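J.: Can you keep this structure in mind? I'll have questions shortly.
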């Protein structure tokens with residue numbers, strides 16, 4: 001009976017998902033379930049900063065009694081702000097620890113024959129209990145310097161995750177372009193080319209519109225020099241990658257490279273630029289600056305934060321189901337070359353459809369790296385939901401800071417450089433396979 005219960009706990013979630021997933025492979029189901037854990041934690045974090053929740057959170061003993069225990073601002077800050085801030089940090093701290101734990105455990109797993117693979121692909125109920133236990137414990141961590149230290153962990157982790165998001169977008173655009181071009185060539189249907197052209201035009205139109213709006217709302221004729229430099233540089237860089245992507249030599253080396261990928265990367269770069277400028281503490285240059293300590297209601301949300309969550313959700317889902325033939329991206333993401341949707345699932349004697357174990361000969365993705373990616377995603381969510389703000393012990397308020405601005409801008413420049421490298425690498429190293 002005990003063995004049956006353990007077997008049930010091990011296999012149930014994949015069974016439930018098997019019927020609705022695009023692939024019935026065990027590797028895909030597992031990634032979707034872990035991504036669901038991350039999205040569940042994200043939902044809880046969002047709920048914690050909704051208006052009215054601070055009343056319930058303040059009931060936690062010692063969590064906010066007339067103020068907070070952060071050094072330098074005792075009994076002086078708005079509890080409505082600090083409770084939400086602390087709750088998000090603790091929830092995301094728990095998720096980060098959870099995924100980092102699995103990242104460490106799964107180092108070196110080569111196939112599903114490894115005993116650790118059974119823990120990776122099953123025992124979901126116990127994993128859920130572990131996550132709950134870490135979360136409960138996180139809410140009783142003494143304040144001290146926890147928030148300050150964890151803020152810098154969040155900054156570094158988010159910087160890396162923004163780059164991973166860009167890699168996933170590059171891979172998505174590459175796959176999108178390749179599939180639609182092949183469909184157009186095989187079917188002689190010009191609608192596929194019209195679709196590619198339409199989306200490329202849309203991406204560039206949105207990017208150009210963003211640049212115009214940035215100059216109008218985030219610069220001043222006699223000031224805001226940093227913003228002018230940021231906007232102008234990224235505009236120039238986007239023009240450069242667009243031109244390079246259609247050069248004859250590049251097209252010869254990479255037939256599937258083109259303006260679709262460059263347009264999507266340009267649009268994402270403009271989003272990161274916008275996100276960076278909204279963290280500038282100078283209100284003259286940042287009309288969308290949130291004031292988290294005000295006499296009126298606390299405003300946690302802004303447009304760029306919502307857009308950031310949407311992009312995060314897309315990239316998380318795509319990372320779970322992606323099946324790519326892009327060698328460069330597969331090496332960066334530590335995954336194997338895509339082999340399609342795989343099997344149709346196995347129906348047991350009891351009539352229950354179960355996922356196919358497609359990793360007996362070798363794993364299709366690096367278990368450890370996948371969990372590390374979710375670990376970074378947890379830090380990115382923490383920073384996004386708190387608008388990259390941190391407590392200012394001088395003014396007793398939560399304020400934005402220039403380090404957040406420079407981290408985001410640096411990630412956009414490094415990301416553009418990474419995309420440019422994917423274009424020119426086959427020319428520099430012609431003997432290597434960059435297909």
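For all residues, glycine too, the Cβ spot is worked out from N, Cα and C.
From TrEMBL, here are the annotated features:
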SIGNAL    1-18  signal peptide
TRANSMEM  32-53  transmembrane segment
TRANSMEM  88-109  transmembrane segment
TRANSMEM  121-141  transmembrane segment
TRANSMEM  147-170  transmembrane segment
TRANSMEM  191-217  transmembrane segment
TRANSMEM  229-247  transmembrane segment
TRANSMEM  259-278  transmembrane segment
TRANSMEM  298-321  transmembrane segment
TRANSMEM  369-390  transmembrane segment
TRANSMEM  410-429  transmembrane segment
J.: Quick one: find which recorded stretch in 32-53, 191-217, 410-429 has the most Cβ pairs under 8 Å with the transmembrane segment (147-170).
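T.: Maximum Cβ contact count belongs to 410-429.
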J.: Okay, the transmembrane segment (32-53) and the transmembrane segment (121-141): do they have at least three CB pairs under 8 Å, pairs separated by 6 or more?
T.: yes
J.: Answer yes if the transmembrane segment (259-278) and the transmembrane segment (32-53) have at least three CB pairs under 8 Å among residue pairs 6 or more apart in sequence, and no otherwise.
T.: no
J.: So which of 32-53, 191-217, 410-429 is most in touch with the transmembrane segment (369-390), counting Cβ pairs under 8 Å?
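T.: Answer, by Cβ pair count: 32-53.
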J.: Which sequence-distant residues neighbour the transmembrane segment (191-217)? Criterion: at least 6 residues beyond either end, Cβ under 8 Å.
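T.: Distant Cβ neighbours of the transmembrane segment (191-217) are 177, 180-181, 183-184, 227-228, 231, 235, 238, 259-260, 263-264, 266-267, 269-271, 273-274, 277, 287-288.
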